[in-house]
Amino acid sequence: MGRVFLTGEKANSILKRYPRANGFFEEIRQGNIERECKEEFCTFEEAREAFENNEKTKEFWSTYTKAQQGESNRGSDWFQFYLTFPLIFGLFIILLVIFLIWRCFLRNKTRRQTVTEGHIPFPQHLNIITPPPPPDEVFDSSGLSPGFLGYVVGRSDSVSTRLSNCDPPPTYEEATGQVNLQRSETEPHLDPPPEYEDIVNSNSASAIPMVPVVTTIK
C-alpha cells in the first residue's frame with residue numbers, strides 16, 4: 001500500500017499549485033491548462049490532470065519544455081544586457097562629469113592668462129612727476145613744505161641713479177644747483193670793453209650833487 005499511495009508531504013510537493021497574480025481575472029475568464037502553463041510554471045502532473053490523456057500530455061509537455069528552454073536562454077541574454085547597461089551608463093556619466101570639470105578649469109585658466117596679458121605693468125625706472133604745490137600749502141611740523149621735500153627726494157634719487165650707473169660723484173656745484181651760475185660767470189664776453197669817455201660820462205651822470213652846508217656862528 002505504501003507504494004501506491006504517497007504521504008501528504010510528498011503529494012503536496014508534486015501536486016503543488018502556486019497562486020496566480022491575476023486570480024481575480026481567473027474567476028471571470030476561465031482559462032485552459034495551456035494558457036496557464038504559459039503564464040506560469042506548471043508540472044507534468046497538472047498537465048496530465050487537465051488533458052486526462054497520456055499521449056496529449058506527452059505531446060504538450062515536449063513542446064512546453066522546449067518553449068521554456070528557449071525563454072530561459074533569452075532570459076539569460078537579457079540578464080547580461082541588464083547587468084552591463086547600467087555599468088556602461090554609469091561610466092559614461094562619470095566621464096561626462098570629468099570632462100565638464102576639466103572644461104571649467106581650462107576656461108578659468110584661459111581667462112586668467114588673458115587678463116594677465118592685457119594688464120600693462122608700470123615701468124619701475126620711471127619717476128612720478130608731481131605738480132608744484134599751491135602757494136597756500138600748509139607746512140608740516142618740521143617747517144619744510146611737502147614740495148620742497150619732494151624736490152629733495154627727487155634730487156637724491158637722481159644722485160643715487162648716477163652712483164648706481166658707476167658715474168663719478170657729482171661736484172659741489174651740481175649738488176647745490178649752481179652749475180648754470182658758474183657757467184655764466186666763466187663765459188667770455190663777446191661785447192668790446194667801454195671807452196674811457198663813456199665811463200667818465202656815466203660816472204658824472206650818476207654822481208649825486210653835493211649841497212654845501214652853511215654854518216652860522218652866533
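Positions of Cβ are set from backbone N, Cα and C atoms, glycine also.
The topological domain 'Extracellular' annotation in Swiss-Prot covers 21-83, and the record cites sequence analysis as its basis.
Per Swiss-Prot, the feature domain 'Gla' maps to 21-66; the stated evidence is sequence analysis.
Other Cβ atoms within 10 Å of the Cβ of C42 (disulfide bond) number 18 in total over all chains. The disulfide bond annotation in Swiss-Prot covers C37-C42 and is backed by sequence analysis.
According to Swiss-Prot, the transmembrane segment annotation covers 84-106, on the basis of sequence analysis.
Here Swiss-Prot flags 107-218 as topological domain 'Cytoplasmic'.
What Swiss-Prot lists as region 'Disordered' is 161-195.
Within 10 Å of the C-beta atom of C37 (disulfide bond) sit 19 other C-beta atoms, taking all shown protein chains into account.
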